[in-house]
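A.B. asks: Submitted below is the structure of interest, expressed as C-alpha coordinates.
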Amino acid sequence: MPAVGIPTSGNNKEYVGNLTPYVLATCIVAAMGGLIFGYDIGISGGVTSMDSFLKKFFPAVYRKKEEDKTTNQYCQYDSQTLTMFTSSLYLAALIASIIAATVTRKFGRKLSMLFGGLLFMAGAIINGAAKAVWMLILGRMLLGFGIGFSNQSVPLYLSEMAPYRFRGALNIGFQLSITIGILVANVLNYFFAKIHGGWGWRLSLGGAMVPALIITIGSLVLPDTPNSMIERGQHDEAKAKLQRIRGVDDVSEEFSDLVAASDASKQIEDPWRNLLKRKYRPHLSMAILIPFFQQLTGINVIMFYAPVLFNTIGFGSDASLMSAVITGSVNVLATMVSIYGVDKWGRRFLFLQGGAQMLICQAVVTACIGAKFGVDGTPGELPKWYAIVVVIFICTYVAGFAWSWGPLGWLVPSEIFPLEIRSAAQSVNVSVNMIFTFIVAQIFLTMLCHLKFGLFLFFAFFVFVMSIFIYYFLPETKGIPIEEMGRVWRTHWYWKRFVSEEEDHPNGGYEMGKAGQTVKNV
(Lines of atoms letter the chains of each structure in order from A and count residues from 1; the text may use other names and numbers.)
(Lines give C-alpha, C1' and ligand atoms only; values in the text may rest on other atoms or scores of the structure.)
Protein backbone atom coordinates (compact mmCIF):
# COMPACT_ATOMS: atom_id res chain seq x y z
CA MET A 1 0.00 0.00 0.00
CA PRO A 2 1.37 3.49 -0.80
CA ALA A 3 1.84 6.13 1.88
CA VAL A 4 -1.56 6.39 3.44
CA GLY A 5 -3.67 9.29 2.25
CA ILE A 6 -0.83 11.21 0.58
CA PRO A 7 -1.10 12.17 -3.11
CA THR A 8 1.90 11.24 -5.19
CA SER A 9 1.29 13.04 -8.46
CA GLY A 10 4.37 14.77 -9.78
CA ASN A 11 2.63 17.20 -12.12
CA ASN A 12 1.60 20.10 -9.92
CA LYS A 13 0.08 23.16 -11.50
CA GLU A 14 0.85 26.55 -10.00
CA TYR A 15 -1.24 29.60 -10.86
CA VAL A 16 0.24 33.08 -10.70
CA GLY A 17 -1.11 35.53 -8.16
CA ASN A 18 -0.50 37.13 -4.81
CA LEU A 19 -2.32 37.60 -1.54
CA THR A 20 -3.49 41.14 -2.33
CA PRO A 21 -4.89 43.59 0.23
CA TYR A 22 -8.11 43.57 -1.80
CA VAL A 23 -8.68 39.82 -1.54
CA LEU A 24 -7.58 39.81 2.11
CA ALA A 25 -10.11 42.50 3.02
CA THR A 26 -12.79 40.74 0.97
CA CYS A 27 -12.21 37.40 2.71
CA ILE A 28 -12.20 39.03 6.16
CA VAL A 29 -15.58 40.66 5.48
CA ALA A 30 -17.03 37.43 4.05
CA ALA A 31 -15.69 35.33 6.92
CA MET A 32 -17.69 37.47 9.34
CA GLY A 33 -20.67 35.44 8.16
CA GLY A 34 -19.53 32.95 10.79
CA LEU A 35 -20.38 35.44 13.53
CA ILE A 36 -24.09 34.63 13.37
CA PHE A 37 -23.47 30.91 13.82
CA GLY A 38 -21.02 31.42 16.67
CA TYR A 39 -23.14 34.02 18.43
CA ASP A 40 -26.10 31.67 18.44
CA ILE A 41 -24.08 28.73 19.78
CA GLY A 42 -22.76 30.86 22.65
CA ILE A 43 -25.99 32.65 23.48
CA SER A 44 -28.26 29.60 23.61
CA GLY A 45 -26.25 27.81 26.30
CA GLY A 46 -25.82 30.94 28.44
CA VAL A 47 -29.45 31.99 28.28
CA THR A 48 -30.69 28.55 29.32
CA SER A 49 -28.65 28.84 32.53
CA MET A 50 -30.24 32.20 33.48
CA ASP A 51 -32.82 31.72 36.24
CA SER A 52 -35.08 34.53 34.97
CA PHE A 53 -35.26 32.90 31.53
CA LEU A 54 -36.01 29.47 32.95
CA LYS A 55 -38.68 30.82 35.31
CA LYS A 56 -40.52 32.55 32.47
CA PHE A 57 -40.39 29.88 29.76
CA PHE A 58 -39.35 26.61 31.43
CA PRO A 59 -40.64 26.74 35.03
CA ALA A 60 -40.52 22.96 35.47
CA VAL A 61 -36.78 22.97 34.74
CA TYR A 62 -36.29 25.87 37.13
CA ARG A 63 -38.14 24.08 39.94
CA LYS A 64 -36.14 20.91 39.36
CA LYS A 65 -32.92 22.91 39.43
CA GLU A 66 -33.56 25.25 42.37
CA GLU A 67 -36.23 23.82 44.60
CA ASP A 68 -35.31 20.15 44.71
CA LYS A 69 -31.77 20.19 46.02
CA THR A 70 -31.70 16.38 46.13
CA THR A 71 -32.09 16.10 42.35
CA ASN A 72 -29.48 14.01 40.60
CA GLN A 73 -27.01 16.53 39.15
CA TYR A 74 -26.82 14.61 35.90
CA CYS A 75 -30.57 15.02 35.31
CA GLN A 76 -31.49 18.50 36.57
CA TYR A 77 -31.70 20.04 33.08
CA ASP A 78 -33.32 17.05 31.36
CA SER A 79 -36.20 18.72 29.47
CA GLN A 80 -37.19 17.98 25.86
CA THR A 81 -38.89 21.39 25.62
CA LEU A 82 -35.71 23.16 26.71
CA THR A 83 -33.58 21.24 24.23
CA MET A 84 -36.13 21.86 21.48
CA PHE A 85 -35.59 25.59 22.04
CA THR A 86 -31.90 25.09 21.29
CA SER A 87 -32.07 22.44 18.58
CA SER A 88 -35.08 23.63 16.53
CA LEU A 89 -32.70 26.05 14.82
CA TYR A 90 -30.83 23.20 13.17
CA LEU A 91 -33.85 21.62 11.55
CA ALA A 92 -34.58 24.98 9.93
CA ALA A 93 -30.92 25.30 8.87
CA LEU A 94 -31.15 21.86 7.25
CA ILE A 95 -34.13 22.92 5.11
CA ALA A 96 -32.53 26.28 4.26
CA SER A 97 -29.24 24.70 3.14
CA ILE A 98 -31.08 22.62 0.52
CA ILE A 99 -32.82 25.72 -0.86
CA ALA A 100 -29.58 27.69 -0.64
CA ALA A 101 -27.82 25.20 -2.94
CA THR A 102 -30.01 26.33 -5.85
CA VAL A 103 -29.78 30.01 -4.94
CA THR A 104 -25.99 29.82 -4.62
CA ARG A 105 -25.57 28.06 -7.96
CA LYS A 106 -27.99 30.14 -10.04
CA PHE A 107 -27.70 33.58 -8.47
CA GLY A 108 -24.30 33.62 -6.79
CA ARG A 109 -22.83 33.35 -3.31
CA LYS A 110 -23.65 36.94 -2.37
CA LEU A 111 -27.43 36.51 -2.57
CA SER A 112 -27.29 33.53 -0.23
CA MET A 113 -25.33 35.62 2.27
CA LEU A 114 -27.90 38.41 2.00
CA PHE A 115 -30.81 36.03 2.65
CA GLY A 116 -28.89 34.57 5.57
CA GLY A 117 -28.40 37.97 7.20
CA LEU A 118 -32.01 39.12 6.73
CA LEU A 119 -33.55 35.88 8.04
CA PHE A 120 -31.22 35.81 11.03
CA MET A 121 -32.12 39.40 11.85
CA ALA A 122 -35.85 38.60 11.80
CA GLY A 123 -35.28 35.69 14.16
CA ALA A 124 -33.25 37.85 16.56
CA ILE A 125 -36.04 40.45 16.75
CA ILE A 126 -38.70 37.83 17.50
CA ASN A 127 -36.57 36.09 20.14
CA GLY A 128 -35.68 39.34 21.87
CA ALA A 129 -39.36 40.27 22.10
CA ALA A 130 -40.62 36.75 22.97
CA LYS A 131 -43.61 36.43 25.30
CA ALA A 132 -44.20 32.69 24.95
CA VAL A 133 -42.32 29.52 24.06
CA TRP A 134 -43.83 29.39 20.56
CA MET A 135 -42.25 32.80 19.81
CA LEU A 136 -38.89 31.46 20.94
CA ILE A 137 -39.24 28.43 18.66
CA LEU A 138 -40.35 30.60 15.70
CA GLY A 139 -37.44 32.95 16.23
CA ARG A 140 -35.03 30.03 16.47
CA MET A 141 -36.32 28.62 13.19
CA LEU A 142 -35.74 31.94 11.42
CA LEU A 143 -32.25 32.04 12.90
CA GLY A 144 -31.78 28.55 11.50
CA PHE A 145 -32.84 29.61 8.01
CA GLY A 146 -30.27 32.40 8.19
CA ILE A 147 -27.50 30.05 9.32
CA GLY A 148 -28.39 27.53 6.61
CA PHE A 149 -27.95 30.14 3.88
CA SER A 150 -24.74 31.62 5.29
CA ASN A 151 -23.06 28.28 6.05
CA GLN A 152 -23.85 27.19 2.49
CA SER A 153 -22.32 30.23 0.82
CA VAL A 154 -19.51 31.65 2.98
CA PRO A 155 -17.08 28.67 2.95
CA LEU A 156 -17.52 28.32 -0.84
CA TYR A 157 -16.98 32.04 -1.30
CA LEU A 158 -13.75 31.98 0.70
CA SER A 159 -12.35 28.91 -1.05
CA GLU A 160 -13.05 30.41 -4.48
CA MET A 161 -11.63 33.87 -3.72
CA ALA A 162 -8.43 32.81 -1.97
CA PRO A 163 -5.15 32.09 -3.81
CA TYR A 164 -4.61 28.35 -3.45
CA ARG A 165 -1.43 28.77 -1.38
CA PHE A 166 -3.40 30.70 1.27
CA ARG A 167 -6.77 29.01 0.88
CA GLY A 168 -6.57 27.16 4.18
CA ALA A 169 -5.76 30.20 6.29
CA LEU A 170 -8.34 32.45 4.63
CA ASN A 171 -11.08 29.83 4.77
CA ILE A 172 -10.44 29.25 8.46
CA GLY A 173 -11.35 32.90 8.92
CA PHE A 174 -14.94 31.57 8.85
CA GLN A 175 -14.25 29.29 11.82
CA LEU A 176 -12.41 32.13 13.58
CA SER A 177 -15.53 34.26 13.23
CA ILE A 178 -17.58 31.42 14.70
CA THR A 179 -15.28 31.26 17.72
CA ILE A 180 -15.31 35.05 18.13
CA GLY A 181 -19.11 34.96 17.98
CA ILE A 182 -19.15 32.31 20.73
CA LEU A 183 -16.77 34.35 22.90
CA VAL A 184 -18.70 37.60 22.45
CA ALA A 185 -21.94 35.80 23.30
CA ASN A 186 -20.40 34.32 26.47
CA VAL A 187 -19.10 37.73 27.60
CA LEU A 188 -22.48 39.35 26.96
CA ASN A 189 -24.28 36.57 28.82
CA TYR A 190 -21.96 37.09 31.78
CA PHE A 191 -22.85 40.78 32.08
CA PHE A 192 -26.48 40.62 30.95
CA ALA A 193 -27.18 37.97 33.60
CA LYS A 194 -26.34 40.62 36.22
CA ILE A 195 -29.00 43.10 35.05
CA HIS A 196 -31.43 43.85 37.86
CA GLY A 197 -34.95 42.73 37.02
CA GLY A 198 -33.93 39.59 35.16
CA TRP A 199 -34.54 40.83 31.62
CA GLY A 200 -30.93 40.54 30.46
CA TRP A 201 -31.80 37.44 28.43
CA ARG A 202 -33.75 39.71 26.04
CA LEU A 203 -30.57 41.66 25.30
CA SER A 204 -28.66 38.40 24.78
CA LEU A 205 -31.17 37.06 22.27
CA GLY A 206 -31.90 40.39 20.59
CA GLY A 207 -28.20 41.17 20.31
CA ALA A 208 -28.04 38.67 17.45
CA MET A 209 -29.20 41.57 15.25
CA VAL A 210 -25.64 42.97 15.32
CA PRO A 211 -23.88 40.04 13.58
CA ALA A 212 -26.91 39.79 11.27
CA LEU A 213 -26.37 43.40 10.20
CA ILE A 214 -22.68 42.71 9.57
CA ILE A 215 -23.32 39.85 7.14
CA THR A 216 -26.24 41.71 5.51
CA ILE A 217 -24.19 44.83 4.80
CA GLY A 218 -21.17 42.72 3.85
CA SER A 219 -23.16 40.79 1.25
CA LEU A 220 -24.12 44.09 -0.41
CA VAL A 221 -20.55 45.40 -0.72
CA LEU A 222 -18.64 42.19 -1.50
CA PRO A 223 -17.74 41.29 -5.10
CA ASP A 224 -18.89 38.00 -6.57
CA THR A 225 -16.31 35.26 -7.09
CA PRO A 226 -14.92 34.77 -10.63
CA ASN A 227 -16.12 31.13 -10.47
CA SER A 228 -19.70 32.23 -9.79
CA MET A 229 -19.60 34.97 -12.46
CA ILE A 230 -18.36 32.53 -15.10
CA GLU A 231 -21.02 30.05 -14.02
CA ARG A 232 -23.62 32.73 -14.84
CA GLY A 233 -22.05 33.67 -18.21
CA GLN A 234 -20.26 36.89 -17.17
CA HIS A 235 -16.88 36.01 -18.68
CA ASP A 236 -15.42 39.47 -19.28
CA GLU A 237 -16.36 40.70 -15.83
CA ALA A 238 -15.01 37.49 -14.31
CA LYS A 239 -11.61 37.88 -15.98
CA ALA A 240 -11.30 41.49 -14.83
CA LYS A 241 -12.27 40.43 -11.31
CA LEU A 242 -9.74 37.59 -11.35
CA GLN A 243 -6.99 40.00 -12.40
CA ARG A 244 -7.87 42.28 -9.51
CA ILE A 245 -8.04 39.65 -6.79
CA ARG A 246 -4.80 37.95 -7.97
CA GLY A 247 -2.97 41.25 -8.42
CA VAL A 248 -1.51 40.32 -11.84
CA ASP A 249 -2.57 40.92 -15.44
CA ASP A 250 -1.74 37.49 -16.86
CA VAL A 251 -4.36 35.17 -15.36
CA SER A 252 -5.06 33.36 -18.64
CA GLU A 253 -4.15 29.89 -17.35
CA GLU A 254 -6.36 30.02 -14.26
CA PHE A 255 -9.15 31.79 -16.17
CA SER A 256 -9.11 29.14 -18.92
CA ASP A 257 -9.35 26.42 -16.31
CA LEU A 258 -12.28 28.17 -14.63
CA VAL A 259 -14.09 28.43 -17.96
CA ALA A 260 -13.37 24.75 -18.71
CA ALA A 261 -14.83 23.72 -15.35
CA SER A 262 -17.87 25.92 -15.89
CA ASP A 263 -18.48 24.42 -19.35
CA ALA A 264 -18.27 20.94 -17.86
CA SER A 265 -20.62 21.88 -15.02
CA LYS A 266 -23.24 23.20 -17.45
CA GLN A 267 -23.49 19.75 -19.00
CA ILE A 268 -24.84 18.55 -15.67
CA GLU A 269 -28.61 18.96 -15.66
CA ASP A 270 -29.19 17.62 -12.17
CA PRO A 271 -26.20 18.10 -9.81
CA TRP A 272 -28.05 16.29 -7.00
CA ARG A 273 -28.41 13.12 -9.06
CA ASN A 274 -24.91 13.60 -10.41
CA LEU A 275 -23.57 13.36 -6.87
CA LEU A 276 -24.47 9.66 -6.87
CA LYS A 277 -22.16 8.85 -9.79
CA ARG A 278 -19.29 6.50 -9.02
CA LYS A 279 -16.60 9.10 -9.79
CA TYR A 280 -17.99 11.39 -7.07
CA ARG A 281 -17.98 8.65 -4.42
CA PRO A 282 -15.02 10.14 -2.50
CA HIS A 283 -16.52 13.66 -2.59
CA LEU A 284 -19.90 12.47 -1.35
CA SER A 285 -18.28 10.32 1.34
CA MET A 286 -16.36 13.31 2.69
CA ALA A 287 -19.43 15.58 2.44
CA ILE A 288 -21.26 13.15 4.73
CA LEU A 289 -18.62 11.71 7.05
CA ILE A 290 -16.61 14.85 7.91
CA PRO A 291 -19.60 16.85 9.27
CA PHE A 292 -20.96 13.67 10.89
CA PHE A 293 -17.72 13.12 12.77
CA GLN A 294 -17.35 16.83 13.54
CA GLN A 295 -20.55 16.80 15.58
CA LEU A 296 -19.63 13.57 17.35
CA THR A 297 -16.41 15.03 18.75
CA GLY A 298 -18.69 16.29 21.52
CA ILE A 299 -17.73 19.93 21.01
CA ASN A 300 -21.28 21.21 20.73
CA VAL A 301 -22.03 19.57 24.06
CA ILE A 302 -19.35 21.82 25.54
CA MET A 303 -20.25 24.98 23.61
CA PHE A 304 -24.05 24.74 23.81
CA TYR A 305 -24.11 23.79 27.44
CA ALA A 306 -20.79 25.01 28.86
CA PRO A 307 -22.51 27.19 31.50
CA VAL A 308 -24.93 24.36 32.32
CA LEU A 309 -22.08 21.84 32.43
CA PHE A 310 -19.91 23.96 34.71
CA ASN A 311 -22.87 24.66 36.94
CA THR A 312 -23.48 20.94 37.15
CA ILE A 313 -19.89 20.11 38.14
CA GLY A 314 -19.94 22.49 41.05
CA PHE A 315 -19.65 26.10 39.86
CA GLY A 316 -22.23 28.65 40.91
CA SER A 317 -24.45 30.26 38.28
CA ASP A 318 -22.23 33.34 37.93
CA ALA A 319 -18.99 31.36 37.93
CA SER A 320 -20.32 28.96 35.30
CA LEU A 321 -20.81 31.80 32.83
CA MET A 322 -17.30 33.03 33.59
CA SER A 323 -15.93 29.56 32.91
CA ALA A 324 -17.70 29.58 29.55
CA VAL A 325 -15.93 32.86 28.76
CA ILE A 326 -12.63 31.13 29.51
CA THR A 327 -13.36 28.24 27.13
CA GLY A 328 -14.49 30.75 24.49
CA SER A 329 -11.18 32.60 24.75
CA VAL A 330 -9.25 29.36 24.38
CA ASN A 331 -11.35 28.56 21.31
CA VAL A 332 -10.42 31.85 19.60
CA LEU A 333 -6.70 31.60 20.37
CA ALA A 334 -6.44 27.98 19.27
CA THR A 335 -8.23 28.76 15.98
CA MET A 336 -5.50 31.33 15.29
CA VAL A 337 -2.98 28.50 15.64
CA SER A 338 -4.82 26.67 12.87
CA ILE A 339 -4.78 29.76 10.65
CA TYR A 340 -1.00 29.90 11.08
CA GLY A 341 -0.36 26.22 10.54
CA VAL A 342 -2.95 24.81 8.14
CA ASP A 343 -1.05 25.76 4.97
CA LYS A 344 2.29 25.02 6.62
CA TRP A 345 1.70 21.69 8.41
CA GLY A 346 -1.19 20.41 6.33
CA ARG A 347 -4.75 19.29 7.03
CA ARG A 348 -3.97 15.70 7.98
CA PHE A 349 -1.43 16.61 10.67
CA LEU A 350 -3.85 18.97 12.40
CA PHE A 351 -6.72 16.47 12.18
CA LEU A 352 -4.64 13.70 13.75
CA GLN A 353 -2.90 15.78 16.42
CA GLY A 354 -6.18 17.42 17.48
CA GLY A 355 -7.90 14.05 17.63
CA ALA A 356 -5.24 12.58 19.92
CA GLN A 357 -5.43 15.63 22.20
CA MET A 358 -9.23 15.48 22.45
CA LEU A 359 -9.18 11.74 23.15
CA ILE A 360 -6.78 12.11 26.09
CA CYS A 361 -8.73 15.03 27.58
CA GLN A 362 -12.05 13.21 27.31
CA ALA A 363 -10.60 10.24 29.19
CA VAL A 364 -9.30 12.49 31.97
CA VAL A 365 -12.58 14.44 32.29
CA THR A 366 -14.47 11.14 32.45
CA ALA A 367 -12.25 9.97 35.30
CA CYS A 368 -12.54 13.27 37.19
CA ILE A 369 -16.33 13.56 36.97
CA GLY A 370 -16.86 9.84 37.55
CA ALA A 371 -14.70 9.85 40.68
CA LYS A 372 -16.64 12.69 42.32
CA PHE A 373 -20.18 12.26 41.00
CA GLY A 374 -20.28 8.47 40.78
CA VAL A 375 -23.45 7.07 39.27
CA ASP A 376 -25.91 8.79 41.61
CA GLY A 377 -24.87 12.33 40.60
CA THR A 378 -24.45 13.70 44.14
CA PRO A 379 -20.89 14.98 44.59
CA GLY A 380 -21.39 16.66 47.95
CA GLU A 381 -18.92 19.49 48.48
CA LEU A 382 -16.76 19.74 45.37
CA PRO A 383 -13.28 21.16 46.08
CA LYS A 384 -12.44 24.28 44.13
CA TRP A 385 -9.15 22.87 42.91
CA TYR A 386 -10.97 19.81 41.57
CA ALA A 387 -13.37 21.89 39.49
CA ILE A 388 -10.41 23.91 38.17
CA VAL A 389 -8.68 20.72 37.02
CA VAL A 390 -11.81 19.71 35.09
CA VAL A 391 -11.96 23.18 33.47
CA ILE A 392 -8.28 22.98 32.48
CA PHE A 393 -8.76 19.67 30.69
CA ILE A 394 -11.97 20.86 29.06
CA CYS A 395 -10.06 23.93 27.80
CA THR A 396 -7.29 21.67 26.46
CA TYR A 397 -9.95 19.62 24.71
CA VAL A 398 -11.49 22.79 23.22
CA ALA A 399 -8.05 23.87 21.98
CA GLY A 400 -7.55 20.52 20.26
CA PHE A 401 -10.88 20.86 18.49
CA ALA A 402 -10.32 24.52 17.61
CA TRP A 403 -7.17 23.86 15.59
CA SER A 404 -8.36 20.63 14.00
CA TRP A 405 -11.93 19.42 13.53
CA GLY A 406 -13.45 22.86 14.09
CA PRO A 407 -11.97 24.78 11.13
CA LEU A 408 -11.06 21.78 8.97
CA GLY A 409 -14.58 20.40 9.15
CA TRP A 410 -15.64 23.41 7.07
CA LEU A 411 -12.43 23.94 5.07
CA VAL A 412 -11.84 20.48 3.62
CA PRO A 413 -15.35 19.87 2.22
CA SER A 414 -15.50 23.36 0.70
CA GLU A 415 -12.23 22.88 -1.22
CA ILE A 416 -12.58 19.35 -2.59
CA PHE A 417 -15.76 19.62 -4.70
CA PRO A 418 -15.51 20.21 -8.47
CA LEU A 419 -17.59 23.12 -9.76
CA GLU A 420 -20.29 20.96 -11.38
CA ILE A 421 -21.36 19.52 -8.01
CA ARG A 422 -20.00 22.21 -5.67
CA SER A 423 -23.24 23.85 -4.52
CA ALA A 424 -25.12 20.56 -4.17
CA ALA A 425 -22.25 18.85 -2.34
CA GLN A 426 -21.80 21.81 0.01
CA SER A 427 -25.53 21.61 0.72
CA VAL A 428 -25.10 17.96 1.67
CA ASN A 429 -22.20 18.96 3.90
CA VAL A 430 -24.24 21.65 5.69
CA SER A 431 -27.33 19.42 5.90
CA VAL A 432 -25.47 16.54 7.53
CA ASN A 433 -23.82 19.00 9.90
CA MET A 434 -27.18 20.43 10.91
CA ILE A 435 -28.90 17.03 11.21
CA PHE A 436 -26.34 15.76 13.68
CA THR A 437 -26.06 19.09 15.47
CA PHE A 438 -29.83 18.83 16.00
CA ILE A 439 -29.65 15.23 17.17
CA VAL A 440 -26.77 15.85 19.58
CA ALA A 441 -28.38 19.03 20.95
CA GLN A 442 -31.76 17.35 21.35
CA ILE A 443 -30.61 14.20 23.13
CA PHE A 444 -27.51 15.41 25.00
CA LEU A 445 -29.22 16.23 28.28
CA THR A 446 -31.15 12.96 28.25
CA MET A 447 -27.93 11.07 27.49
CA LEU A 448 -26.18 12.92 30.33
CA CYS A 449 -28.98 11.85 32.66
CA HIS A 450 -28.73 8.18 31.66
CA LEU A 451 -25.08 7.68 30.66
CA LYS A 452 -23.79 10.05 33.35
CA PHE A 453 -20.00 10.50 33.15
CA GLY A 454 -19.93 7.74 30.52
CA LEU A 455 -21.22 10.31 28.02
CA PHE A 456 -17.67 11.60 27.57
CA LEU A 457 -16.51 8.05 26.77
CA PHE A 458 -19.26 7.86 24.14
CA PHE A 459 -17.80 10.87 22.33
CA ALA A 460 -14.22 9.70 22.94
CA PHE A 461 -15.03 6.49 21.05
CA PHE A 462 -16.07 8.50 18.00
CA VAL A 463 -12.95 10.69 18.24
CA PHE A 464 -10.89 7.50 18.03
CA VAL A 465 -12.88 6.20 15.04
CA MET A 466 -12.70 9.51 13.15
CA SER A 467 -8.93 9.73 13.65
CA ILE A 468 -8.55 6.28 12.08
CA PHE A 469 -10.78 7.42 9.20
CA ILE A 470 -8.64 10.52 8.58
CA TYR A 471 -5.40 8.52 8.67
CA TYR A 472 -6.51 6.04 6.05
CA PHE A 473 -8.99 7.86 3.83
CA LEU A 474 -8.34 11.62 3.70
CA PRO A 475 -5.68 12.72 1.19
CA GLU A 476 -3.64 15.84 1.86
CA THR A 477 -5.10 18.88 0.04
CA LYS A 478 -2.54 21.48 1.14
CA GLY A 479 -1.19 23.63 -1.69
CA ILE A 480 -3.41 22.20 -4.45
CA PRO A 481 -5.50 24.62 -6.58
CA ILE A 482 -9.20 24.16 -5.90
CA GLU A 483 -9.99 23.46 -9.56
CA GLU A 484 -7.24 20.83 -9.79
CA MET A 485 -8.25 18.85 -6.74
CA GLY A 486 -9.28 15.79 -8.76
CA ARG A 487 -5.74 14.39 -8.84
CA VAL A 488 -5.63 13.79 -5.06
CA TRP A 489 -8.33 11.15 -5.49
CA ARG A 490 -6.70 9.53 -8.52
CA THR A 491 -3.47 8.95 -6.58
CA HIS A 492 -5.04 7.84 -3.29
CA TRP A 493 -4.62 4.15 -2.40
CA TYR A 494 -8.36 3.60 -1.89
CA TRP A 495 -10.29 6.28 -3.79
CA LYS A 496 -8.44 5.75 -7.08
CA ARG A 497 -10.60 2.69 -7.72
CA PHE A 498 -13.62 5.03 -8.06
CA VAL A 499 -11.94 7.92 -9.89
CA SER A 500 -9.98 6.94 -12.99
CA GLU A 501 -8.27 9.47 -15.23
CA GLU A 502 -10.57 8.60 -18.10
CA GLU A 503 -13.86 9.11 -16.25
CA ASP A 504 -12.83 11.90 -13.89
CA HIS A 505 -13.16 14.74 -16.36
CA PRO A 506 -13.49 15.06 -20.09
CA ASN A 507 -10.49 17.37 -20.35
CA GLY A 508 -7.99 14.64 -19.73
CA GLY A 509 -7.41 13.79 -16.12
CA TYR A 510 -7.18 17.14 -14.46
CA GLU A 511 -10.38 18.31 -12.91
CA MET A 512 -9.71 21.35 -15.04
CA GLY A 513 -7.27 21.68 -17.85
CA LYS A 514 -6.78 24.52 -20.30
CA ALA A 515 -9.78 25.05 -22.49
CA GLY A 516 -9.47 23.07 -25.68
CA GLN A 517 -6.35 21.19 -24.55
CA THR A 518 -5.65 17.84 -22.98
CA VAL A 519 -3.60 17.91 -19.80
CA LYS A 520 -2.58 14.58 -18.30
CA ASN A 521 -1.08 13.56 -15.01
CA VAL A 522 2.06 11.52 -15.38
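The count begins at 1 with the first shown residue.
From the backbone N, Cα and C atoms, a Cβ is placed for every residue, glycine too.
According to TrEMBL, the record shows the following:
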TRANSMEM  19-39  transmembrane segment
DOMAIN    26-478  domain 'Major facilitator superfamily (MFS) profile'
TRANSMEM  87-104  transmembrane segment
TRANSMEM  111-130  transmembrane segment
TRANSMEM  136-158  transmembrane segment
TRANSMEM  170-193  transmembrane segment
TRANSMEM  199-222  transmembrane segment
TRANSMEM  284-308  transmembrane segment
TRANSMEM  320-342  transmembrane segment
TRANSMEM  349-373  transmembrane segment
TRANSMEM  385-406  transmembrane segment
TRANSMEM  427-447  transmembrane segment
TRANSMEM  453-474  transmembrane segment
A.B. asks: Can you find at least 3 Cβ pairs under 8 Å between the transmembrane segment (427-447) and the transmembrane segment (87-104), where each pair is 6 or more residues apart in sequence?
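C.D. replies: Contact between the transmembrane segment (427-447) and the transmembrane segment (87-104): present.
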A.B. asks: Are there residues at least six beyond either end of the transmembrane segment (170-193) with Cβ under 8 Å to its Cβ atoms? List them, or say none.
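C.D. replies: Apart from its flanks, the transmembrane segment (170-193) reaches 23-24, 27-28, 30-43, 46-47, 50, 154-155, 158-159, 161-162, 200-201, 203-204, 207, 211, 303, 306-307, 317-318, 321-322, 324-325, 327-329, 331-332, 335-336, 338-339, 342, 402, 406-407, 410-411, 414-415.
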A.B. asks: Give the one range among 19-39, 320-342, 385-406, 453-474 whose Cβ atoms make the most pairs under 8 Å with those of the transmembrane segment (136-158).
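C.D. replies: The stretch with the most close Cβ contacts to the transmembrane segment (136-158) is 19-39.
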A.B. asks: So if I exclude everything within five residues of the ends of the transmembrane segment (349-373), which remaining residues of that chain have a CB under 8 angstroms from its CBs? That is, six or more out.
C.D. replies: 73-74, 297-298, 313, 338, 341-342, 379, 382, 386, 389-390, 393-394, 396-397, 399-401, 403-405, 408, 452-454, 456-457, 459-460, 463-464, 466-467, 470-471, 474
A.B. asks: State the mean pLDDT for the domain 'Major facilitator superfamily (MFS) profile' (26-478).
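C.D. replies: Averaging the confidence scores along the domain 'Major facilitator superfamily (MFS) profile' (26-478) gives 84.
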